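See below for the structure under consideration.
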Amino acid sequence: MESFHGTTILSVRRGEQVAMGGDGQVTLGHIVVKASARKVRRLYREQVLAGFAGATADAFTLFERFESKLEKHQGHLVRAAVELTRDWRTDRVLRRLEAMLAVADRSASLIITGNGDVLEPEYGIVAIGSGGAYAQAAARAMLQHTEQSPADIVKRSLEIAGDLCIYTNQSHTIETLE
C-alpha cells in the first residue's frame, strides 16, 4: 500500500522574528487526495511553531509526542526535541515512523529527522519535504538580498517551490512569532 507523502515546510528567522509555512497538498501515490491540509501548527501556549513532512499519520503521532515533551519541559524547545529523539531511538514503534518535524520558537529553529537526529540548520532557515530544497534556495537568496519580513520570504519561497515541485501546491498556511 502506498503512503501519504510530499510537502514543503519552510521556516525563516530574521532577528527576533520567525515564520513557518507549509503547503496544503496531501498525495497518495500520484493522486492528490487533499489540497488544503494544515501542516503547520502552533504548540505549547502558541509559543512554538511546528510543521511536518512525511506520512501523515506518523507525523500526527510525532506532533503528539513532541507536544507532550514540550509540556514536560515547560516549553524548552531544545530539551523537548532531544527527549523526543531519545525516545525515537529506543522505541520500536517510533523508529518505524516516516516523518520529519520542523520546529521553532523565538530563540531556536530545529529539524527533527526520521533517524532521531536533532539538527540546527545554518542561516536561520529550516526546510523539509519534497520541495524543501527549492524553498530553501529561494529563502536564502531573499534573506541575504532583501529586507523582507520572514513571513513574506516564507510566502514567496513556498510559491516558488510550488511552481517546481509536483508534490507542493499553492495553498499555504503561514504562522509567525514576533
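Placed from the backbone N, Cα and C atoms, the Cβ positions cover glycine too.
Features as listed in Swiss-Prot:
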- Thr7: active site (ACT_SITE)
- Gly162, Cys165, Thr168: Na(+) binding site (BINDING)
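Known features from Swiss-Prot, placed on the structure.
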| residue | record | DSSP class |
| --- | --- | --- |
| Thr7 | active site | coil |
| Gly162 | Na(+) binding site | helix |
| Thr168 | Na(+) binding site | coil |
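Within 10 Å of the C-beta atom of Cys165 (Na(+) binding site) sit 21 other C-beta atoms, taking all shown protein chains into account. In sequence order, Gly6, Thr7, Thr8, Asp23, Gln25, Gly129, Ser130, Gly131, Tyr134, Leu158, Ala161, Gly162 are the residues of the chain that are 6 or more apart from Thr168 (Na(+) binding site) and have a CB within less than 8 Å of its CB. Here the Cβ of Gly162 (Na(+) binding site) has 21 other Cβ atoms within 10 Å, regardless of which shown protein chain they belong to.
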